[in-house]
Amino acid sequence: MALEQNQSTDYYYEENEMNGTYDYSQYELICIKEDVREFAKVFLPVFLTIVFVIGLAGNSMVVAIYAYYKKQRTKTDVYILNLAVADLLLLFTLPFWAVNAVHGWVLGKIMCKITSALYTLNFVSGMQFLACISIDRYVAVTKVPSQSGVGKPCWIICFCVWMAAILLSIPQLVFYTVNDNARCIPIFPRYLGTSMKALIQMLEICIGFVVPFLIMGVCYFITARTLMKMPNIKISRPLKVLLTVVIVFIVTQLPYNIVKFCRAIDIIYSLITSCNMSKRMDIAIQVTESIALFHSCLNPILYVFMGASFKNYVMKVAKKYGSWRRQRQSVEEFPFDSEGPTEPTSTFSI
């Protein structure tokens, strides 16, 4: 779901009052959330800017190298390329949410729907491509290596991942809108029961976290066990990489999905019974979802830059860029005394 932290609004605890995905019909007071909004105005722009800059640099390099330099690709390469594209599209939505936290939504209702849908689509597809990578690594270690390379099944899997993410982003296209306070939030119609709203939350948790986490956990566990049984193979580094991947996934994704699960349960059973509890829930969503977004910065490091082959491609790019820079500098070099003898001189650059 598109940045849920931006849904922090004042709401009235009266019967029939609907605000975003929340329905606090048991409340009898007014909860003023100005302090939550002030926290978001400071925290979100800073954190999202850091994520955007780091993630854009890393994932852009991954896409560029796979697109222009690495022509011979494996299935894992295809999944990593799709993961980097998903992360980039996700990152491109972050400036809009940073502005939304400070100034409100200024781009209109249509852009609110599109940006929210893109956010969910790429967040979910990224998690699913992580699961695909774990399956391919499991097959590579435990099965007989295949010489067929990237085949039709690989592209079918990628298509299915994107379609599943698109389907899960449809609620964002339908329900997200700009409210009276100029905030891009989901507003559900009154005829839509609390069970349906909770179901949407649970689907996001299951497809975007639980299923990928279970697949990654099982595949990497079997892969690690297989590596430890292999004779005459140095396994310390592969095991460290696998362990790092799992730990980073848990640390970045588990807190956010726990908070989402608590909120889904609250939608049905109205567990939040005070204004302070509601504020703490809003801040928890802001912080945990921001941490979850940071995973898009770490994906290039975890899945690409740790590989020796990709490092070689990076070195080739660096050498080519260095050679280009040297050639350009040599063209720009000229002696300060144009009539004097030719000799090495200082370069002049802007």
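Here the Cβ of each residue, glycine as well, is placed from N, Cα and C on the backbone.
Taken from Swiss-Prot, the feature topological domain 'Extracellular' applies to 1-42 (among others).
Sequence annotations record features per position, and here Swiss-Prot assigns N-linked glycosylation site to ASN6 (among others) based on sequence analysis.
The N-linked glycosylation site annotation in Swiss-Prot covers ASN19 (among others) and rests on sequence analysis.
The transmembrane segment annotation in Swiss-Prot covers 43-63 (among others) and is backed by sequence analysis.
Outside the topological domain 'Cytoplasmic' (64-87) by six or more residues, the chain places 55, 122, 125-126, 129-130, 132-133, 136-137, 140, 149-150, 154-155, 158, 161-162, 296, 299-300, 303-304, 309-310, 313-314, 316-317 with a CB less than 8 A from a CB of the stretch. Under the heading topological domain 'Cytoplasmic', Swiss-Prot lists 64-87 (among others), citing sequence analysis as support.
Non-local neighbours of the transmembrane segment (88-108) in the same chain are 2-3, 5-6, 37, 40-41, 44-45, 48-49, 51-52, 55-56, 59-60, 63, 115, 118-119, 121-123, 126, 178, 181-184, 293, 296; each lies 6+ residues outside the stretch with a CB under 8 Å from one of its CB atoms. According to Swiss-Prot, the feature transmembrane segment maps to 88-108 (among others).
Each residue in the topological domain 'Extracellular' (109-113) has a pLDDT score, and their mean in this model is 93. Per Swiss-Prot, topological domain 'Extracellular' is recorded for 109-113 (among others).
Here Swiss-Prot flags CYS112-CYS184 as disulfide bond. DSSP assigns CYS112 (disulfide bond) to a helix in the three-state reduction. Shown in sequence order, TRP105, TYR176, THR177, VAL178, CYS184 are the residues of the chain, 6+ apart in sequence, with a C-beta less than 8 angstroms from the C-beta of CYS112 (disulfide bond).
The transmembrane segment annotation in Swiss-Prot covers 114-134 (among others).
If you look up Swiss-Prot, you'll see 135-154 (among others) marked as topological domain 'Cytoplasmic'.
Feature annotation from Swiss-Prot assigns transmembrane segment to 155-175 (among others). Beyond the transmembrane segment (155-175), the same-chain residues lying 6 or more positions past its ends with a Cβ under 8 Å from any Cβ of the stretch are 1-2, 78-79, 82, 113-114, 116-122, 124-125, 128-129, 132, 186-188, 200, 203-204, 207-208.
Here Swiss-Prot flags 176-201 (among others) as topological domain 'Extracellular'.
The transmembrane segment annotation in Swiss-Prot covers 202-222 (among others) and is backed by sequence analysis. The list of residues near the transmembrane segment (202-222) in space but at least 6 beyond its ends in sequence, with Cβ under 8 angstroms from a Cβ of it, reads 1, 120, 123-124, 127-128, 130-131, 134-135, 137-138, 142, 164, 168, 242, 245-246, 249-250, 253-254, 257, 260-261, 264.
Residues or ranges marked as topological domain 'Cytoplasmic' in Swiss-Prot: 223-240 (among others).
Only residues 6 or more beyond the boundaries of the transmembrane segment (241-261), in the same chain, are considered here, and those with a CB under 8 A from a CB of the stretch are 1, 4, 127, 130, 201-202, 204-205, 208-210, 213, 216-217, 220, 223-224, 281, 284-285, 288-289, 291-292, 294-295, 298, 302-303, 306. Marked as transmembrane segment by Swiss-Prot: 241-261 (among others).
What Swiss-Prot records for 262-289 (among others) is topological domain 'Extracellular'.
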Structural state census, the topological domain 'Extracellular' (262-289) (DSSP three-state): 23 helix, 0 strand, 5 coil
Contacting positions for the topological domain 'Extracellular' (109-113) when only residues 6+ beyond its ends and CB under 8 Å are counted: 96, 172-173, 176-178, 184
For CYS184 (disulfide bond): DSSP state (helix, strand, coil): strand
